[in-house]
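Colleague: In case it's useful when we look at the structure, here is the feature table from TrEMBL:
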REGION    1-22  region 'Disordered'
COMPBIAS  8-19  compositional bias 'Low complexity'
TRANSMEM  40-58  transmembrane segment
TRANSMEM  70-92  transmembrane segment
TRANSMEM  104-127  transmembrane segment
TRANSMEM  153-174  transmembrane segment
TRANSMEM  274-294  transmembrane segment
TRANSMEM  314-335  transmembrane segment
Amino acid sequence: MGTEISEPLLLPPDSSSKSDVVDTDTEHIPEWKDQITIRGLLVSALLGTLFCIITHKLNLTVGIIPSLNVAAGLLGFFFVKSWVGFLSKLGFAIAPFTKQENTVIQTCVVACYGLAFSGGFGSYLLAMDNNTYELIGSDYPGNRIEDVKNPELSWMIGFMFVVSFLGLFSLVPLRKVMVMDYKLTYPSGTATAMLINSFHTNTGAELAGKQVSCLGKYLSISLIWSCFKWFFSGIGDSCGFDNFPSFGLTLFKNTFYFDFSPTYVGCGLICPHIVNCSVLLGAIISWGFLWPFISQHAGDWYPADLGSNDFKGLYGYKVFIAISLILGDGLYNLIKIIAITFKEMCNKSTKENHLPTVREIEGEIWPFSG
């Protein structure tokens, strides 16, 4: 089913250019005090909490965090617009909802879930506590009691401030160079800005309402399905939809099964197809061929009596092979970018050194290169 709207999203070239001129001349930009409102902060806190939960769920399961900028802008527009419309019907005088306020909400929400990901809550931050130390074992090489750092609000808040403001201080000069000087497109920010601009039109508001209704429908389906699965879930890997042997018991032992999780389906829908295909190919190669082949050499390539999470055993092969592939691809892209940048700088300096000059010969002007 397609989404139908009563007005066209794109206007003819002549009308769009005229409307742009009128908008830039008549649109009033509110002061920063009017852009940061109480209702905007409340909606930001609500959506930020929701997106943090989603980020932690994806970070601890899938490990891939898709961009949620568009969803943050859409939900921020929907909540505040509904708030304004409801209070207006009750007779209250409400300040209009502006693009700038929508941008503030979207920025706060993105900052919340971005900090939930970059703060290390799904990786190193909670891996430094005493429980992890005892789980690894005190006799494990490199596992020292001096390195234990239990989570506490006193130092975690300071650490989060350092993580946040370090990026702020580094992005301000990069913004001037990359966006303003080199005129780079900045695709995610540009797409979000265009989306917010489109929301605050008659056509965009109508389309946003239908998108939110579609979001609510599939959210309800996901919630009902998760509740339905809970009634058939077993203890651990015993039974239920979470461990359904779709491909048989032999492949089930190599973790090839379907868990009917809406989270993974949604992550696959929002990620580009090249990412999904690459992850699927890596899963087939590793869990279908590579890990079973290495496990057959237990006792020869590594001690056979080690645990499943011991770096000296099969788990070490899994981690370091995957890290090597990631670092190799990253190193290739880094070298490629440096080479292209160096080439562009050389071409630019060569053009500047061979610019034509002008000299005057007997009252006439002659250009020459030198």
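Placement of Cβ uses the backbone N, Cα and C atoms for every residue, glycine included.
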Colleague: Counting only pairs at least 6 apart in sequence, do the transmembrane segment (40-58) and the transmembrane segment (104-127) share 3+ Cβ pairs under 8 Å?
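Modeller: With 3 or more qualifying Cβ pairs, these stretches touch.
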Colleague: Using a Cβ cut-off of under 8 Å, list the residues of the same chain at least 6 residues beyond the transmembrane segment (104-127) that approach it.
Modeller: 35-36, 40-41, 43-45, 47-49, 51-52, 54-56, 59-60, 65, 68-69, 72-73, 75-76, 80, 151, 156, 159-160, 163-164, 167, 192, 196
